[in-house]
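Chemist: According to TrEMBL, the record shows the following:
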| type | residues | note |
| --- | --- | --- |
| DOMAIN | B:127-291 | domain 'SSD' |
| TRANSMEM | B:9-31 | transmembrane segment |
| TRANSMEM | B:127-146 | transmembrane segment |
| TRANSMEM | B:158-184 | transmembrane segment |
| TRANSMEM | B:190-211 | transmembrane segment |
| TRANSMEM | B:242-259 | transmembrane segment |
| TRANSMEM | B:265-292 | transmembrane segment |
Amino acid sequence: MKSKRKLLWFIIFLVLFSTIVDLPQNYRIKFDIGSMKIDRVINAPSINIDLGRIKIKNDLKTHLGLDLSGGTHLVLEADMKNISSSDKEKAFDSAKNIVERRINLFGLTEPIVQKTKVGNSFRIIVEIPGISDVSSAIDLIGKTAQLAFYEEASQTANLATPSSVLELWSKKTDLTGSNLKRAEVTFDSKTGKPEVALEFDKVGAKLFEDITTQNVGKTVAIFLDDQLLSAPRVNEPIVGGKAVIQGNFSMDEAKRLSVSLNAGALPVPLKILEQRNIGATLGRESIDRSLIAGVIGLCIVGLFMLVNYGLLGLVADVALVIYTLMVFAMFKLIPVTLTLAGIAGFILSIGMAVDANILIFERMKEEIRWGKDYIHALSLGFDRAFPSIRDSNISSLITCGILYWFGTGIVRGFAITLAVGIVVSLFSAITITRSLLKLIYR
Amino acid sequence: MIDLIAKKYLFFIFSGLIIIPGTIALILWGLKPAVDFTGGSLIEFQIKNASKEVLKEDIKKIAEEQNVEVGSISKTSNNGFLLRLKPIDKNQNQNLNNDLKKHYGEIEEIRFETVGPTVGQETTKNAIKSVIIASIVIILYIAWAFRQIPKPYSSVKFGIVAVIALIHDILVVVGLFSIFGHFFKVEVDSLFITALLTIMGFSVHDTIVVFDRIRENLKKIPGVPFPQVVNESILQTLARSLSTSLTVLFTLSALLLFGGETIRWFIITLLIGIISGTYSSIFNAAPLLVIWETKERKNK
């Protein structure tokens, strides 16, 4: 029975692995046992695997949703009225980019900025965790991006102090983002290197011609919201309103520059559709309370199984504890953002996790009633209960899938937590309980 | 042996006693939608050091001075208040906060939510869409999973009956919440939709366990009349159905008692739905299958 032993080792490994993953961050343990004093900080390790192409990086943090950590949730709508349909995607990219850039200016922790399209409406979802005062950030997010072109100041500028870029290029030109029609990544026909092509409108072309004529050999700086984007050197006067910025760009760099330029060229006003601020106290309270509820729920279910099924119930309880450890580890590994609804989904799944065990044990009882001996009934219980466990759980997974597909925000989080719970519960209730029971009744 | 199938109409009447008033309430009053659906703003704040008792009317007056239209004000805790308003923007919120501070000293804003009306409509549309799609997918799945049941029984019927039981559970919950909404001002938000969809999953889960046993018994004991097979299958799975529902009810009760204010109604929704789901799979779905099958035999 070598394979059985292997399976058992695998389960032990899984339990240890999950426990390590589950360790809290920066949790201080301090207590005294007689003369022994224990005082140390526990940390979950972080994963950082680099196998050439495959890079796995996970700092094993519990990701809390805004309703638990406190923070701000914003839904912005980009007004695309003045953008031609071929440029809409570009403008959308740039709008997202500009929102990101502005939030980062405020040094807010781990903001999430996502694009989403609902029908004809282009939306940007922003999530800023933490308690920081976001109202000034929100003010800035709503403003339209300002792209400006600057000429080098006269020779007096001191090149040794690059900290003041505005001193270097202090001469603002009349050319602005509104004169730029679009920017895109193209490739140098000779070297094949990526470059950024600019196209100006009529007025812009004339202005640009003047600027480039006056600045041959010098640099012209492009600023977005007063931040330097690029300062290409002018090689020759450019007539006709089409220019390229060359440099040793990687594809990513070129793309980033063109997106930033487009934020100025294709400005889209942003309107706040939805805003939610959640104070941190409310979140902390919710976590504490859910934790208590979870532990109590787990205990009652454990007791119920013990009373109802005796030794079998005890084994199911062990499986249930392993289940809890594994689910939390999964939440950290995937990672799943935990929300209040998600935690409720998880606690609900504890109740459902024992369902498979109940089905199996009830079946065993029946088989024994029908005259089978205990050991035989044990394996029949697993085999005969399996189709109903399989079919019922697949249908639950289907609902989770549909919830995920159509839901947004909290609904999605709930669907993922429930789905993870169902999959892990199948493993714990069937594989783990079975191996443990086989260990007892050899 | 207890003959549950013989009492089937009694079970249907019991379901009707809950569903019919609920449906009437739904037609008369509808549901009370939260800001998630209607659009609007929600402010919850707590007054740190109240020197005297704070009256809701006073808060309303302060808000109206700022030209903010107040839907309702409720007290959430000691000196904590929840305001429901027509949509306001960030600046109006700021002004209102400043005014409240002037009157009551230090306040802590616990949450501020504002939802545009378009977002609300989409949420409703998505919710209805997902219920319909989930129903269709479940019928298809059951028809496929039960494709091997012996002739002349059809697996499609099993699927349709499972969905009827599911609609039963949704009607029970939605109907009751229409009544709650009218009498206790309970609002339905996007968490309610989440709960509803979970109930759908659970309801089908339960029904499948009973149907699975019917499938097994049909294969094992051919020649026994259908009603008897169904009756036996229900009795055999009864212990399991009750045990499972009990464990889920235990965890939900723990959440209800200790889980905090914000998800209270979410948990109540789940509780009602899961009780209804267990009931409908035993006392409605299986008997319905019997009625359908025997009617068809007679007609032939």
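The backbone N, Cα and C atoms fix where each Cβ goes, and this holds for glycine too.
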Chemist: Name the range, of those listed as B:127-146, B:190-211, B:242-259, B:265-292, that has the largest tally of Cβ pairs under 8 Å with the transmembrane segment (B:158-184).
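Modeler: Stretch with maximum Cβ contacts: B:265-292.
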Chemist: Taking a Cβ cut-off under 8 Å, which residues six or more beyond the ends of the transmembrane segment (B:9-31) line up next to it in the same chain?
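Modeler: Counting only partners 6 or more residues beyond its ends, the transmembrane segment (B:9-31) has Cβ contacts under 8 Å with 168, 171-172, 174-179, 181-182, 188, 279-280, 283-284, 287.
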Chemist: So which residues does the transmembrane segment (B:265-292) touch in its own chain, when a touch means Cβ under 8 Å and the partner is 6 or more beyond its ends?
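Modeler: Sequence-distant neighbours of the transmembrane segment (B:265-292): 4-5, 8, 11-12, 14-15, 157-158, 161-162, 164-166, 168-169, 172-173, 176-177, 186, 191-192, 194-196, 198-199, 202-203, 205-207, 209-211, 214, 226-227, 230, 233-234, 237-238, 241-242, 244-245, 248-249, 252-253, 255-256, 259.
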